[in-house]
Amino acid sequence: MEKKVKALSHLYVTVFLSGFASFIVVPAITDVTMSALCPGTDECSLAIYLSGFQQAVIGVGTALMMPLIGNLSDQYGRKSLLTLPMTLSIIPFAVLACSTTTNYFYAYYTLRTLTAMISEGSINCLALAYLADNISDTQRASAFGILAGISSGAFVFATLAARFLSAGSTFQVATFVSMLAVVYMRIFLEESIPDQNDGMTQPILKETEGVIQKDGNVGTRKMPVFKTIPSLKDIIRLIKSSPSFSQAAIVAFFQSLAEGGMICSIMYYLKARFHFNKNQFADLMLIAGIISTVSQLFIMPLLVSPIGDGRLLSIGLLVSCLNSIFNSLAWSAWVPYATTALSIVTVFTTPSLRSIVSKQVGTTEQGKAQGCISGVTSLANIIAPLIFSPLTALFLSEEAPFHFPGFSILCIAITLMIAFIQSLTIGKTPSNSRDENCSNSMEV
């Protein structure tokens, strides 16, 4: 037990450092983008469209990569697969650490798009699988909530640090902390492989032997290990293996569609409507981060047992919907600050959803399951900017069909309402037995 607690503490430190590096650049990136593309203005359609295009391309990459990374981690260990995305995430930060001029911004934009196809979301996906390896079913919702709280804590400290740093210094700090996270993880985090006695400890590049030939004899022909990776059909079969898994996947899609829409619209909306600057964005996110951290670390673990992760998911989605409605109708700059109080409930959504998914599969499929859900959320992130970026740009421009700057935010609220309604059906349908065809092995 003591060994598991120690292993999890190193996981939490790794997630904190990685999250800190990612979050510290968030308050600065909008100003850096605007100054590189449209200097001296508060509105920039090019920035909105480029941001949306990047989000869509990253979504395509992560939709393909997340199930693959999750499945490989089931076979070769969480730590081994964590190394790749954490290392790749250093590269874009290092570019803007050198300079934030237009040329360097485009280099950052290109490298960020390419590396995020692997690194975006995979660290969280693998961390969830690591927790599932070491935590019982009954405690996973609380553990996932604590992990989310650690990420929120990283968000708080990163946002607070960004408050006192220039844009160039922010990316220098992000680069250093990203490198520190990789070094710490490689030295201190213990490997976690679901089944140590099932031939899953071989190196990734090892080839499979003993293949049955057409004449029925056992041959020694070698097959690359990547031939054993499940196809898209296998992944779909996994999602359909349980009604609750299928329903959770639908909820994840609409919730991520709304979240992706918020990412590509809210900052530009607040900047155009209330002339928010870097420090105001940092203050807003700092308040939300503090509330989220307290809620996930202290409140959610107390509510999981009496209420259940299913009800917490529905409550979080409903309050998220109300939060979006209030922001879409914001009549003063203090309204976005006031709505951050709702974060105490909205943060229940993701840990509860991931906990529900984790309970639908066995111990050797945690990585694949979390990867599948991450793939679904990535698919939503492809679609979100295609819808909400043009919508935001249109209603913030003088060519809007009617005056409603927050119309795209209201559409996000409608999307969240769909997710809320779907969440009410999770667990209402009797579960089917697991399909044996969803195992990691494939017939040759």
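Glycine too: its Cβ is placed from the backbone N, Cα and C atoms.
TrEMBL lists 7-426 with the feature domain 'Major facilitator superfamily (MFS) profile'. Mean pLDDT for the domain 'Major facilitator superfamily (MFS) profile' (7-426) in this predicted model: 85.
What TrEMBL lists as transmembrane segment is 7-26 (among others).
Residues annotated as transmembrane segment in TrEMBL: 81-107 (among others).
If one looks beyond the transmembrane segment (144-165) by at least 6 residues along the same chain, the residues whose Cβ comes under 8 Å of a Cβ in the stretch are 12, 15-28, 124, 127-128, 131, 173, 278-279, 282-283, 285-286, 289-290, 292-293, 295-297, 300-301, 304, 347-348, 350-352, 354-355, 358. Under the heading transmembrane segment, TrEMBL lists 144-165 (among others).
Here TrEMBL flags 171-189 (among others) as transmembrane segment. Non-local neighbours of the transmembrane segment (171-189) in the same chain are 7, 10-11, 13-14, 17-18, 20-22, 24-25, 28, 79, 82-83, 86-87, 89-90, 93-94, 96-97, 100, 161, 165; each lies 6+ residues outside the stretch with a CB under 8 Å from one of its CB atoms.
Look at TrEMBL and you will find 248-269 (among others) tagged as transmembrane segment.
For 281-300 (among others), the entry in TrEMBL reads transmembrane segment.
Annotated transmembrane segment per TrEMBL: 312-331 (among others), in sequence order.
Within the chain carrying the transmembrane segment (337-357), a Cβ under 8 angstroms from the stretch's Cβ atoms is held by residues 128, 140-141, 144-145, 147-148, 152, 244-245, 248, 251-252, 255, 283-284, 287-288, 291-292, 294-296, 299-300, 303, 309-310, 312-313, 315-317, 319-320, 322-323, 326-327, 369-370, 373, 426-427, all 6 or more beyond its ends. Taken from TrEMBL, the feature transmembrane segment covers 337-357 (among others).
Residues 43, 45, 48-49, 51-53, 55-56, 58-63, 66, 120-121, 252-261, 263-265, 268-269, 272-273, 404-408, 411-412 of the same chain lie 6 or more positions beyond the ends of the transmembrane segment (378-396) yet place their CB under 8 Å from a CB of it. The annotation transmembrane segment is assigned in TrEMBL to 378-396 (among others).
Counting residues 6+ beyond its ends, the transmembrane segment (402-421) has Cβ neighbours under 8 Å at 251, 254-255, 257-258, 261-262, 265-266, 269, 272-273, 314, 317-318, 320-322, 324-325, 327-330, 387-388, 391-392, 395-396 in the same chain. What TrEMBL records for 402-421 (among others) is transmembrane segment.
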Dominant neighbour of the transmembrane segment (248-269) in 81-107, 281-300, 312-331, by Cβ pairs under 8 Å: 312-331
